[in-house]
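Below is one structure, written out as structure tokens; comments come after it.
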Amino acid sequence: MYNLPVEQMHAPVVGPLHHNQKNLTQALRNHRAGHVEDANLASYSFDEQYNTFQAQGVAHDPEGTGVVRHRDLVAGKGADLFPAAKEAAAGKQAAKRQKTDGEAKQQQPFDPSQVRARRRPQPWAEKEAEVVALTEEQKEYMAQIKAEKAEKAGVVPEPTENTVWHGKAETDYQGRSWIEAPKDAGKRKDAEQCFLPKRHIHTWSGHSKGVNAIRFFPHTGHLLLSAGLDGQIKIWDVGSHRKCMRTYMGHTKGVKDIWFSNDGRRFVSTGYDKKIRYWDTETGQILNTVGEGKMSYCVRLHPEEQHIVMAGTQDKKIQQWDLNTGDMVQSYDYHLAAVNTVTFIDQNRRFVSTSDDKTIRMWEYGIQAQAKYIADPSMHAISYACTSPNDKWWVGQSMDNQIVTYSADRLKPNKKKTFKGHLVAGYACQVAFSWDSRFIMSGDGEGKLFVWDWKTTKIVRSMRCHDQVLIGCEWHPLETSKVATCSWDGLIKYWD
């Protein structure tokens, strides 16, 4: 508020002294000549300027405003006073001279006779180098060293073969393929009802790491497809001997999602190696590979146009690929984060997508613009979604430990159908219906299987199934009470 004049600012301190302090002005001194401000200066720079001033009578001003000269400095003597500047100038001249010499050498033609004249030939100069062939043991050792270096660098080699057959014969005595359903598979009756599973009846163990997803063979369920984090896809026999039938090896990293075609003769898979592969179930042949370089979290074949696959990718898009040509037909780009699910509704004319941006969007199939957009501050991200067998409801696994329900036609929320009690925060646990729509089930992060009654939304069965996260569960499409579960402990269990 008030600027003191210089006279008052530099006036001597006056007033009564403190009884423990003899002289107040001594406290303001840090030197016998008065108050001296601190300054940081490198010892080399200080010694250089000090010696230069003592010897030549001139030095750099510490304030950086010029030079300080001695009053007895002889005129014309200040050009050679700063050794650092002198060395810098000498260095520039040497670099310039070297550049000029190099340009001159480039202009002169190279004469090898001058080199031979300057260099005395060595006694082994005229001999040719003898190439020694490696033995078989040395070749194996070098290959092993290269493989270890590649493994340390994180380079995973492409698998040499795509499939391994584990069964006895790929056809039976009548010439039928091994993927054909047995004659005694039976058919489901409309009057039948599903019942709750009670006991564990079988365990499939073949994956060296966790299992991410399982899918029953469409309509019959006599085979079970599993996607492992070890990069392998296996198909198991469910009906008779319950052994692994075939192993599909095409992904170099863990497999994230799998999906059967309507007849089960084809399936698609996506993995953490950023590839979507299209497989022949019977032969294990890779029919096509699309989406390379893009991490896809889910893949779904169009229920009617079986050559079209929809992929929810990490870069906020839903990509539509034609598996016959390998071309991307359409890209749906409105989400603000990674896309987790793609689900077809409304007689396959529309599909619903969910994302980590905590929104639900409905799209017209083949049209890039979104038809409906659902977002609310209380909503959480939905990691898995499916429709009920009667196609009336769409349910999603919400990250706030509950399963939310919407109508499948207009995507209107049904708050009365909210299923709670399990812990799934952070895990994309699969949601599945019984085929009569009476029960809905889901795994959780502690390895438990929860089954709710659809009408009352109450938990009717809770079972401890696995030691780690129960990530996937499927109800058998024909049996009334048989359920398959998979977990990150590498096991697939069958319950009845």
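Each Cβ is built from the backbone N, Cα and C atoms, and glycine gets one as well.
TrEMBL: automatically predicted annotations, no manual curation.
Just so it is clear, the model here is predicted, and its values are computed rather than measured.
Database features (TrEMBL):
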REGION    86-128  region 'Disordered'
REPEAT    204-246  repeat 'WD'
REPEAT    248-289  repeat 'WD'
REPEAT    332-364  repeat 'WD'
REPEAT    431-462  repeat 'WD'
REPEAT    463-496  repeat 'WD'
Over the repeat 'WD' (332-364) the mean pLDDT stands at 90
Mind checking which residues reach the repeat 'WD' (204-246)? Cβ under 8 Å, same chain, six or more beyond either end. 163-167, 178-179, 181-182, 185, 252-264, 267, 269, 271, 273, 279, 281, 284, 430, 468-469, 471-474, 476-479, 484-494
Mind checking which residues of the chain, 6+ beyond the ends of the repeat 'WD' (431-462), have their Cβ under 8 Å from one of its Cβ atoms? 188, 192-194, 196-197, 384-386, 388-390, 395-397, 403, 416-419, 421-425, 468-475, 477, 483, 485, 487, 489, 495
Under 8 Å Cβ-Cβ from the repeat 'WD' (332-364), and at least six residues away from its ends along the same chain, one finds 297-298, 300, 302-304, 310-320, 370-375, 379-387, 391, 394, 396, 406, 408-409, 411, 428
